[in-house]
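Visitor: Structure in C-alpha cells, see below.
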C-alpha cells in the first residue's frame, strides 16, 4: 500500500490547528482521599465533567486494548503511546516473543548477541516462571529458547525455576518440572551441561512486585546467585515432591531450594562471566529482580556479592527506567503511524515534553522510530527534566514550560498538530508521595488550561487523553476495594493501574 493520501474531512478544514495533550498516568476512579486527581484542585478538567459531559468518554488503556496479552496487564507509557500514535493495536508481550522465536529473529537481535560471548567460558542462566499459564511466561517458549541457545553455542545452562499454582492448578508444578527435566536430559545427551539449579514458589521467591516485599527477591537471590537455600536436593523433581509433602504446601509458596552435587555443593550459582536471562514476558513481577541484577548502586538488601554478568530480559520491563538495558525481544515494528501520514500530506507537526517523556511523544508515538520523518515539516522540543532530585521534590516538574512552548507553537500558526505529554501525575505518582502527587495533578491541569486557551484563540481543536492510570489510585486495596494496611499504615501504591482513562474532544458533541 503506497497511497498515503488522506481524505478531506467533510465538515472540518485541514487548516484547523489540533492540540493533542497526553496527561501521563491520569486515570479515572471513584473519588476518595487516595485519588490524587480528585483531591487536587483541577478546575479545567473538572469543568468538562460538570459542564460538558458530552465532550468526553472513558477508554480502556490496559490489556488487549493496547496489545497486551491479558486483562491483568497494566498499561504503560510505551504501549500507550504506540497505540495513540499508530491509531491501531499492535501485539505486545507474549505474542512478540512467539513471533521472534518462530522467525529466529530473537537470535539475530542485539540482546542475544550481547549475552552470547558468555557462552564460551561461562554459564547461561535462565530465571522465570515454569508454567504454561500464559500470563507471565509459557513453557513452550522456554523450551524453544533452551533449544535455540544450545544450538548457538551455550554449552553450560542452568535453569532457576519458579513454581506457579496461581495461573494454573496447584500441584501442576511436578508435571512441569518432569517435562523440562526430559528436555534437559536430551540436551545432556547432545553434550550440553544443562540442569535445574534452584527453585521456589513464585509468591515466596523472586516474583514480588511494586516493591512490596524485597525479602521475596532476596530469597531468590540467595538461591540463584549465592547458591544458598534452606532446602537442598539432588534433583528438582525430588525437591518439588518433597516440599509439597509439607503441611499446607502450595506451589505458589514453596520455600527456596538449591540442587547440589554428590559433595553437597550447589550446581549452579551465578558467578562472574555468566549470562543471565529472565524469561518472563510480563513485566510487573520481574522489575525488582532486574534492578538487583543490573543496578550497581543498590540498597534494598545485602546482595553479598554482585557478579559481573551479561544480563538480558525477555523484553524490556520498564521503558521509563530503561530496565533492563538489554533484552531479547525488541518492541513491535509499527508502520504507517499518524506522524508518517501527516508528513506525507504536508501537515506540519510540533511535539514537546520534558526529558522523561520526550521519547514518548516522538520515538514511541512514531512507532519506535528515532528521528524525524521529515525535518522540514516537524519540530521536536525537549525541555530538560530536573536532575539530581526525585520528582516529588519539584512536583510541578516542567508542566508549565511545556504548556508555554505548546502555546507559542499554536499561536504561531506554523503547525497543524501540536502534541505534548504532561508527565506529572505519572512520574510523581511513582514516588508514592500522595501530597506531592496532588500538587502534580494541579500543575498538569493548569498546563491543560494554557493549551486549551491558546487553541480556542485560533479556533482550533483539542484532544486530551492519557496513556494509562496512576495518580487516581495511590493505595493498595483488598478484593473488596478497601485500603490495605501494614503495621497500621496504608500501603501506598506506586504502580500504574488498570483503571480507564478519559478521552476529551471538543468535537464529540458534534458527531
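Heads up, the Cβ atoms here are built off N, Cα and C, so glycines get one too.
As listed in TrEMBL for this protein:
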type	residues	note
ACT_SITE	77	active site, phosphoserine intermediate
BINDING	24, 77, 467, 468	Mn(2+) 2 binding site
BINDING	136, 166, 167, 202, 209, 282, 283, 284, 285, 357	substrate binding site
BINDING	426, 430, 496	Mn(2+) 1 binding site
DOMAIN	18-504	domain 'Metalloenzyme'
DOMAIN	98-318	domain 'BPG-independent PGAM N-terminal'
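I would like each feature placed in context: is it buried or exposed, what are its neighbours, and how far apart are things?
Guide: The Cβ of residue 468 (Mn(2+) 2 binding site) has 27 neighbouring Cβ atoms from other residues within 10 Å, across all protein chains displayed.
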Visitor: Would you mind sorting out which of 24, 77, 426, 430 (the recorded positions) have a C-alpha within 10 A of the one on residue 136 (substrate binding site)?
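Guide: Passing the 10 Å Cα cut: none.
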Visitor: Taking the center of the Cβ atoms of 426, 430, 496 at the recorded Mn(2+) 1 site, which other residues in this chain have a Cβ no more than 8 Å from that point?
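Guide: Leaving out the recorded residues gives 24, 25, 77, 320, 425, 427, 429, 468, 470, 471, 494, 495.
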Visitor: Find, for the listed binding-site residues 24, 426, 467, the residue with the lowest Cβ contact count at a 10 Å cut-off, counting only other Cβ atoms.
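Guide: Comparing Cβ neighbour counts within 10 Å for the binding-site residues 24, 426, 467 gives 24.
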Visitor: Tell me the Cα distance separating residue 77 (active site, phosphoserine intermediate) from residue 209 (substrate binding site), rounded to the nearest angstrom.
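Guide: Rounded to the nearest whole number, the Cα-Cα distance is 18 Å.
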Visitor: Which value in Å gives the longest Cα to Cα span across the substrate site residues 136, 166, 167, 202, 209, 282, 283, 284, 285, 357 as recorded?
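Guide: Those residues reach a largest Cα separation of 35 Å.
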